[in-house]
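A.B. asks: Just dropping this structure here.
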Ligand SMILES: Nc1ncnc2c1ncn2[C@@H]1O[C@H](COP(=O)(O)OP(=O)(O)OP(=O)(O)O)[C@@H](O)[C@H]1O
Ligand SMILES: Nc1ccn([C@@H]2O[C@H](COP(=O)(O)O)[C@@H](O)[C@H]2O)c(=O)n1
């Protein structure tokens with residue numbers, strides 16, 4: 001671990017695997033700052049006058065990945081603003097464009113500690129997202145049509161990123177099919 005550079009844990013897993021749920025617990029126990037790429041993009045989409053609102057919404061509905069220049073810039077701004085030096089970056093990098101853009105802009109300014117990978121079946125993830133939608137998440141992508149596309153992107157693009165970090169020995173894999181508390185027990189071990 002570098003003494004000076006901000007430390008980053010990337011958090012990856014399928015849509016609805018429980019990344020956000022676990023990040024909230026990690027923040028409490030380990031004092032990381034949680035930055036969700038999806039949340040930052042939704043915030044930017046909702047910002048009046050944003051040049052990227054329509055582009056972002058179209059990617060979100062189609063489960064495709066927003067160009068890294070936009071996402072990386074939102075992440076870098078949020079990191080700077082936080083004044084902290086330990087970050088959970090949730091839902092990023094999602095594809096090769098994300099990875100290359102991060103390495104270009106942030107690679108020598110941050111230290112990637114590891115990748116926390118929440119492993120969960122597509123069936124369980126789908127059920128969780130549909131329940132979240134039915135409970136009123138207000139997300140335009142918690143519906144069957146968008147979810148199918150989100151899973152396609154996950155399998156086609158994101159798994160390759162997890163494999164890239166796995167080959168570097170940086171992946172800590174968690175069985176995310178368990179209850180939230182059981183998952184967090186395993187997460188705790190991954191951080192200790
Ligand atoms: N271990 C779990 N068991 C059952 N339900 C869970 C579990 N973890 C989270 N959930 C529920 O599943 C839904 C998705 O969880 P969460 O938002 O944490 O997932 P996510 O991976 O961040 O999703 P996304 O990638 O779509 O943003 C939420 O309604 C949450 O309450
Ligand atoms: N690196 C990213 C992260 C997210 N997106 C877009 O947002 C959607 C929702 O992401 P969640 O992590 O909140 O589920 C996702 O399907 C993408 O359309 C992105 O483009 N790049």
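Note that Cβ sites are derived from N, Cα and C of the backbone, with glycine treated the same way.
Curation plays no part in TrEMBL annotations; they are all automatic predictions.
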A.B. asks: Using TrEMBL as the reference, determine which range in 36-66, 67-97 is annotated region 'NMPbind'.
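C.D. replies: Result: 36-66 is the stretch TrEMBL calls region 'NMPbind'.
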A.B. asks: CB neighbours of residue 65 (ribonucleoside 5'-phosphate binding site) within 10 A?
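C.D. replies: Neighbour count, Cβ to Cβ under the 10 Å cut-off: 22.
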A.B. asks: Suppose we screen the binding-site residues 20, 42, 65, 91, 132 by Cβ distance to ligand 2 with a cut-off under 6 Å; which survive, in sequence order?
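C.D. replies: Only 65, 91 meet the Cβ criterion.
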A.B. asks: Near ligand 1, which of the binding-site residues 20, 42, 65, 93 have CB less than 6 Å from any of its atoms?
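C.D. replies: What lies within reach of ligand 1, judged by Cβ under 6 Å, is 20.
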A.B. asks: Counting by DSSP secondary structure, give me helix, strand and coil numbers for the region 'NMPbind' (36-66).
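C.D. replies: Final tally across the stretch: 19 helix, 1 strand, 11 coil.
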A.B. asks: So among the binding-site residues 19, 42, 132, 139, who's got the most Cβ atoms within 10 Å?
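C.D. replies: Within the set of binding-site residues, the most crowded position is 19.
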A.B. asks: Near residue 20 (ATP binding site), which binding-site residues out of 42, 65, 91, 98, 139 have their CA within 10 Å?
C.D. replies: 91
